[in-house]
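What follows is a set of notes on a single structure, which appears directly below.
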Amino acid sequence: MAQPTNLTRIGLAGLAVMGQNLALNIAEKGFPISVYNRTTSKVDETVERAKLEGNLPLYGFHDPEAFIQSIQKPRVVIMLVKAGAPVDQTIKTLSAYLEKGDCIIDGGNEWYENTERREKEVAKLGLLYLGMGVSGGEEGARNGPSLMPGGSFEAYKYIEDILLKVAAQVPDSGPCVTYIGTGGSGNFVKMIHNGIEYGDMQLIAEAYDVLRSVGKLSNEELQSVFTEWNKGELLSFLIEITADIFGIKDDKGDGYLVDKVLDKTGMKGTGKWTVQQAAELSVPAPTIEASLDARFLSGLKEERVEAAKVFKSGGFTDLSTDEPVDKQKLIDDVRKALYAAKICSYAQGMNLIRAKSIEKGWDLKLGELARIWKGGCIIRAIFLDRIKKAYDRNPNLANLLVDPEFAKEIIDRQSAWRRVVCLAINSGISTPGMSASLAYFDSYRRDRLPANLVQAQRDYFGAHTYERVDIEGSYHTEWFKLAKQSRI
């Protein structure tokens with residue numbers, strides 16, 4: 001195996017798909033890189049790829065000590081291993097050979113508090129630490145991901161030159177990387193990015209369901225619709241790949257592959273963490289929550305099959321009719337509903353980031369996050385430019401919904417949005433994401449909600465007190481006694 005004649009600029013440990021592709025990306029940008037993996041066959045595979053993809057300056061090591069010794073000081077090593085215990089094990093292996101001033105970067109989807117714990121632990125050894133969110137999947141890692149590094153600013157400065165070149169490049173707004181903030185902020189921001197991604201995917205799936213189940217659109221028509229949508233305000237990676245999916249024929253049988261995919265969605269945990277954080281921070285995130293619940297429900301495939309039989313035999317009839325539908329009108333309405341619901345999903349994600357930033361003192365810049373998500377990552381979309389501009393106009397914007405431009409866009413689309421949700425309900429098609437988004441909007445825009453009754457109930461049975469709309473102070477009423485007297 002070829003050894004570098006000089007020391008390399010950086011090291012990367014963990015050569016699964018993301019690790020291999022990121023290492024090749026770094027090498028291709030002109031930074032000599034050393035790579036290591038516990039299973040040595042992955043090292044050889046990566047070295048072979050580097051040769052085939054242009055004799056890139058990538059050097060493989062089977063031994064952790066030789067790997068560390070091959071990197072120039074202060075050494076920087078990126079880890080791309082599975083979150084949790086494997087990260088601690090890799091740190092243990094590598095830190096045995098690292099020296100004071102060297103730096104470890106975790107590029108995995110790690111829980112932010114684990115990053116903060118590790119940063120403190122390695123600091124005792126004189127090492128610096130970064131938790132860096134990496135988004136874009138394998139294609140993004142190879143050609144330009146969105147990068148979200150948080151932790152030691154000194155460590156960030158060591159590798160800023162590499163990250164600026166390796167990240168996705170977007171004309172007009174630059175490389176999709178920025179120093180996020182201290183502690184676990186990089187991991188937290190990536191986690192919320194993934195939560196927004198869950199919401200986006202669910203909303204797109206609901207648009208597909210309404211168009212297919214109510215509008216009776218074929219896969220060819222769906223491909224055409226999504227391709228068209230990808231030329232307008234919905235232009236995004238997820239809409240683009242959705243159009244692609246509708247065009248793929250089944251290689252193992254007749255028809256289209258999408259119709260043969262089991263309707264059971266997997267998950268890795270970042271969506272669940274996002275919803276848990278929403279509850280911890282008391283920040284409403286109903287669209288993201290609905291998308292997580294939809295995945296849980298999809299997992300009950302066998303139960304759903306049985307339930308369908310029970311309701312059918314009990315006399316439940318299919319509510320979708322064969323009445324002709326104005327397809328073009330429906331397509332237009334669904335497009336508007338999808339866009340309006342999407343605004344709500346992003347508003348929830350941004351509010352979660354702001355709440356955590358305030359709690360932790362991270363001072364995160366929401367407009368800058370929107371900028372680095374414009375390219376490379378899974379939620380990249382032209383729409384993010386609008387979000388960046390909204391926060392540029394007003395960095396203290398309480399909610400994206402009240403930005404004048406977004407408010408106007410929702411007002412213009414709300415009738416179509418309501419028509420789609422009503423049509424879905426009357427046709428027996430579940431649209432939990434679109435419905436949750438609409439309920440979020442309708443609750444947020446109302447200056448008075450029925451929460452007064454809930455608070456009165458709490459005071460009735462638990463003496464929790466209440467405030468009044470007309471007089472300052474906290475009040476408690478003996479509701480039970482008053483009710484008893486009035487009955488006499």
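Glycine residues also receive a Cβ, built from the backbone N, Cα and C atoms like all the rest.
The Cβ of LYS190 (active site, proton donor) lies under 8 Å from the Cβ of ASN109, GLY133, VAL134, SER135, MET148, THR270, each of which sits 6+ residues away along the same chain. Marked as active site, proton donor by TrEMBL: LYS190 (among others).
TrEMBL lists GLU197 (among others) with the feature active site, proton donor. Around GLU197 (active site, proton donor), a 10 Å sphere centred on its CB holds 23 further CB atoms from the protein chains shown.
Feature annotation from TrEMBL assigns NADP(+) binding site to GLY14, LEU15, ALA16, VAL17, MET18, GLY19, ASN37, ARG38, THR39, VAL81, LYS82, ALA83, ASN109. Long-range Cβ neighbours of LYS82 (NADP(+) binding site) (same chain, at least 6 residues apart, Cβ-Cβ under 8 Å): GLY108.
Neighbour list (HIS193 (substrate binding site), Cβ cut-off 8 Å, at least 6 residues apart, same chain): GLY133, SER135, SER146, MET148, GLY349, TRP373, CYS377, ILE378, ILE379. Per TrEMBL, substrate binding site is recorded for ASN109, SER135, GLY136, GLY137, HIS193, ASN194, TYR198, LYS268, ARG295, ARG458, HIS464.
Across the domain '6-phosphogluconate dehydrogenase C-terminal' (186-480), the prediction's mean pLDDT works out to 95. Per TrEMBL, domain '6-phosphogluconate dehydrogenase C-terminal' is recorded for 186-480.
There are 26 other Cβ atoms within 10 Å of the Cβ belonging to GLY14 (NADP(+) binding site).
When the Cα of TYR198 (substrate binding site) is compared against those of the binding-site residues GLY14, ALA16, ASN37, the shortest separation belongs to ALA16. Highest local Cβ density among the binding-site residues ARG295, HIS464 belongs to ARG295, counted as other Cβ atoms within 10 Å over all protein chains shown. Most Cβ neighbours within 10 Å, among the binding-site residues ALA16, MET18: MET18 holds that distinction in the structure as shown.
Between the C-alpha atoms of GLU197 (active site, proton donor) and HIS464 (substrate binding site), the distance comes to 38 Å. Straight-line distance linking the Cα atoms of MET18 (NADP(+) binding site) and ARG295 (substrate binding site), rounded to a whole number, equals 24 Å. Counting every protein chain shown, the Cβ of GLY136 (substrate binding site) has 25 other Cβ atoms within 10 Å. Ranked by Cα separation from ARG295 (substrate binding site), the binding-site residues GLY14, ALA16, ASN37, THR39 are led by ALA16.
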